[in-house]
Amino acid sequence: MTITDSRPTTPKPEPATERPSAAAAGLARTGALARLLAPVRAHLVGCAVLSALATAAGFVPYVAVAEIATLALAGGYSPSAIWGWVALGAAGAGLRLVLVFASSRLGHYADARTLHDLRVRMVRHLGSLPLGWFRANGSASVKKRMTNDLEEMHQLIAHALGELVGATTAVALGLFYLASVNPVMTLVTAGSLALLGISYRIAMRSMTLHMNRLLAAESRISAASVEYADGIGVVKAFGTGGRVLERFGEAVREQAAALAAWADETRYSTAASRLLASEMALLGILGAAGLALVHAGQLSMTELLPFLVVGIGLPTSINPAIHGTQTLRKGRVCAQNIEALLGMEPLPEPSRPLSPEGSRLELDRVTFSYDGHTDAVRDVSAVCEPGTITALVGPSGAGKSTMASLIPRFYDVTGGAIRLGGVDVRDMAASTLLSSMSLVFQDVMLLRDTVTENLRIGNPGATDDEVRAAARAAQIHDVIERLPDGYNTVLGDGGGLSGGERQRLTIARAILSRAPIVVLDEATASLDPDSETAVHSALSRLIAGKTVIVIAHRLHTIAGADQILVLEDGRLVERGTHHDLIEAGGRYARMWAAQQNGDPA
Amino acid sequence: MIRHLHRLVPQPGLLLRLGALTAVQAVLQGLLLGSLIPILRALLRPEPDFGAAAPWLVAAAAGLVVYGVLTVIATPVGFAASSDLAGQLRRRLIDHSASLPLGWFTPEHKARLARATTADAANIGNLAVSIGGPAITATLTPLTIIGVTVAVDWRVALLFAVIMPVALLALRRAGRIASIADVELEQAAADIAGRAIELGQAQPVLRAAGQSSTGTARMREALDEHRTVYRRGLRRSMAPDLTYTGVIMAGFVAILVVSALLLLDGTLGVAEVVALLVLAVRFLEPLGNLVELIGALHAMDNAVGRVRALLATPPLPEADRPVTELPGTSVELSGVTFTYPGGSTPALAGVSFTCAPGSTTAIVGPSGSGKTTVTRLIARFFDPQEGSIRIGGVDVRELDQRTLLDSIAVVFQDVYLFDDTIEENLRLAKPDATDAELAEAARAARLDEVVERLPEGWHTRVGEGGSRLSGGERQRVSIARAFLKQARIVLIDEAASALDPENERAVSQAIARLAADRGRTVLVIAHRPATLDAADHVLTLHNGHVAEAGTPAGLRATGGLFARLYDQYDHARSWRLDRESATEVG
């Protein structure tokens, strides 16, 4: 029994939005794999054939040993016959080397190509999914699909395939050859292999059950150690790790107990399968049976020899097949994941895209539901005239962010329509729609590229001077100049810039893009006051002359807006200017009063 | 490798038992195969002589039974050794991490620790067993066979003895080259992972630029690069892999040739030659199978390396005779210079100041000026390279860790809570606190309102990391802990970003109450005018130096850095977005 694949899985459950369920995955299993590998099928078949041939060639030296022994025992051999077998054995060995090389080459070629092509396909497909999918699933899930899942496919294509074919060929050829020597002994050999298979199955019968318990224990260990590390400050400050360490210790003990329970239950079947998989068991079985037959005069010693040379080695050649099957199983699941991603419905693109005229934004009885039951936004109508500021306010969960995310079509409305410049956003090309607006959110969207490229992506034709002007307007020019390579510094993870500086870079990009609409969602909420001031002046530059949609918690920041839309439970409950709403003495006025009270400023 | 593993595992009992069992089995296997020689010698005659073979057959049968019994015994030992090894590593890692300075726990290090305690420990446990066994067998069985062969024909034994080290050397070389290729490939894969994250995060930007379906040029480069590196690594590791297979194959051919020569010149009996041939096959096969272990060995090597690196991190030094009684609550820094590990410029340079017992000191400064570093050094997350930090006149390095941490409460900017009830999270500070004490601390920190609002009150679970509470609410839990613990020194990193108004008021009030107690020395990294106004003393930091020190009102009057920051904070809180203030890009 192998216990090597008990790697802990990520404790985080898969997001529920990916449609094909685990149950469905059980059905069309090989289908997904076969379809994904279709483009390299010829290579894979070639790789398999070569791998089988390599095994066959590698078999020849064994046969040569057996035949030389047979000749020697028969007596009266000619030296040339002996040398002939030596030459044949050597040729087989040489050929095996060449074939292994070729097969491996082909397998890896197919592998490199598959990985590359699948990644390109995934990138392309991701580009057509609703933007909301990225919000719901996070970029970590994109990463998992593009790296971990493909890594399993790589194991499958580059290694498991050859292992499986090689092992199968080795066993088949071995039995075939032995059968030509003596059928009865071959039956004994096949019988012990069958026994090995049976005991392996028995040992593995309860694997799913135990594996689940083991994986659960491992993910608890993982969770406890993450919790421990994250809360280390508290653990140390208060002396005892107490419950946390207890939880960790418990999880470790549970893991050991789970493994012990498994080992205990399958104690004899596992030992039996390990024993039967050893050369010694075959030596014993074949030796005993063979000598009994020799003793009874039904087998000659000469006939027994091939079984000692070839037969004994058969179980060890099965081992790679067991490993290969495990990889195949994992590969199928991953293929399923990848296909599920590739099969996800893209955001519908209009067949004849229209272009907006002007930047008047119209919300026409907009309704949206994430789950199809409860509406996150309901029946909201409003007009944002070009060059005006519209603020969305309301308690958290009121639907402000959802409303804002419908404008760039992160999701499509489930009722009503959003029109930009008189055109329904669903009738525009995604690039037209998105290039007409700048999105400035809390989570900063930077590319791992140079500063210049990060700014210029919003306006590829911009000159260097324009890029610098935008950076100056966003109060970030000086910071960029201080970077090691100035504007040519490549921004990595973090990139040495603070949150506020990164935010200012995205604002500079927005300024450079000159998109007529600006959507701000709590853009400064997570910044410290130093950066906040700088970001504020950057924002003031950005919004000049633009149609602005802004979401704010702190009401004083939007008190100067042209219109304020107050949302509650997805509905529009009040609208007007700050002055109107205060006068009206409704929901907004109450919120304002509460904040004024709480705000020491 | 074995040496490294040995150092990692203080009690290798089970592993040693498994190793011993396997070693006995391996030698037994060699001897059993060796027994073929006398058996075949007796039986490979025109008329098989079972009488002559009988003692050998009986011995072999007994050997096989012993082998079988050993397999049954060794199987559960293998399981137990694997989980015991993983468990030991895990406990050692956690124990060791408890002795590390708090400053060590950066996100990157935390991720490493988590990986080591979970995946790495599990893999080492599994691999030590699943590689260790075959490795022992593949070494001892051929060695035994060589020994047996010497008794029959020294020339063949010599041939075996030559093949084995050559094969092992070729194997090592193949492993080494494969790991170089692996490192390169891992880098290329990491690049792709980074690009994939970017693809997810910046999707709207990419779409606006019409690059959504292709990804950025750099994404395409990363994909192409991965393919190139992959193919190059393949080409490179192919040769040594094939060399190894080649060595085994060449050994096979050499044995065939030598056997043919021995047979033809008649120096060795037919039965002996045949028996040696059978033995030769069994000698070569386990060696050939070793190639399958390369990958696993490499994985094990990496995992062991990562665990070792973690365990090699030096712990926070402890004083020989630590002071266990804190004589006072003053906090004094003198000439403190500190550079973060791996940093080039000092975060603090020659910082000196004193906080009188019972006073409240506000620390202000632009981001990166060293504010947080000051509090980290006081709590001994790190030790400074120069200068000293004294609490109640005692150098913190002389203080007992326990005493120090018992007297200090740190309220972080981003408070981490354990996934437990809110009560348990609070009780951490004082496990034997009475309900009245809990209620009192909660009231003082204005946590009582939060508890009241929660569905299950004190018994509400706060979620992973405290995710069911807002940032401000988590800070209130943390402040309540400081009250409950009756810490004599409190270090607060006031939330810099905007809290919602209700929380902001509550947190400010809670901080004010902490500061009001004259038995408590408070240091607060402040961003809010209200907090600044309430401080007895202000310290302005700039680029790791103390720029100004004085009372809040006094410093505002001087119009220096503090005055500027104060205005900035004030401005940030009154800023509004409107068309009048919007400025055209000129």
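FYI, residue positions are counted from 1 along the chain as it appears here.
Cβ atoms are placed via backbone N, Cα and C, with glycine included.
What TrEMBL says about a protein is an automatic prediction, not a curated fact.
Taken from TrEMBL, the feature region 'Disordered' applies to A:1-21.
Long-range contacts of the transmembrane segment (A:42-62) within the same chain: residues 88-93, 95-96, 99-100, 102-104, 106-107, 109-110, 113, 157, 161-162, 165-166, 168-170, 173-174, 177, 309-310, 313, each at least 6 residues beyond the stretch ends and with a Cβ under 8 Å from a Cβ of the stretch. Look at TrEMBL and you will find A:42-62 (among others) tagged as transmembrane segment.
Per TrEMBL, domain 'ABC transmembrane type-1' is recorded for A:45-330.
Non-local neighbours of the transmembrane segment (A:82-103) in the same chain are 47-48, 50-51, 53-55, 57-61, 63-65, 67-68, 71-72, 162; each lies 6+ residues outside the stretch with a CB under 8 Å from one of its CB atoms. Residues or ranges marked as transmembrane segment in TrEMBL: A:82-103 (among others).
Taken from TrEMBL, the feature transmembrane segment covers A:156-178 (among others).
The transmembrane segment annotation in TrEMBL covers A:184-203 (among others).
For A:275-298 (among others), the entry in TrEMBL reads transmembrane segment.
Residues or ranges marked as domain 'ABC transporter' by TrEMBL: A:361-594. Mean pLDDT across the domain 'ABC transporter' (A:361-594) comes to 86 in this model.
For the transmembrane segment (A:156-178), the residues of the chain that approach it from at least six positions outside its boundaries are 33, 37, 40, 44, 47-48, 51-52, 54-56, 59, 63, 103-104, 107-108, 110-111, 114, 185-186, 189-190, 193, 306-307, 310-311, 313-314, 317-321, 323-325, 327-328, 330-331, judged by C-beta separation under 8 angstroms.
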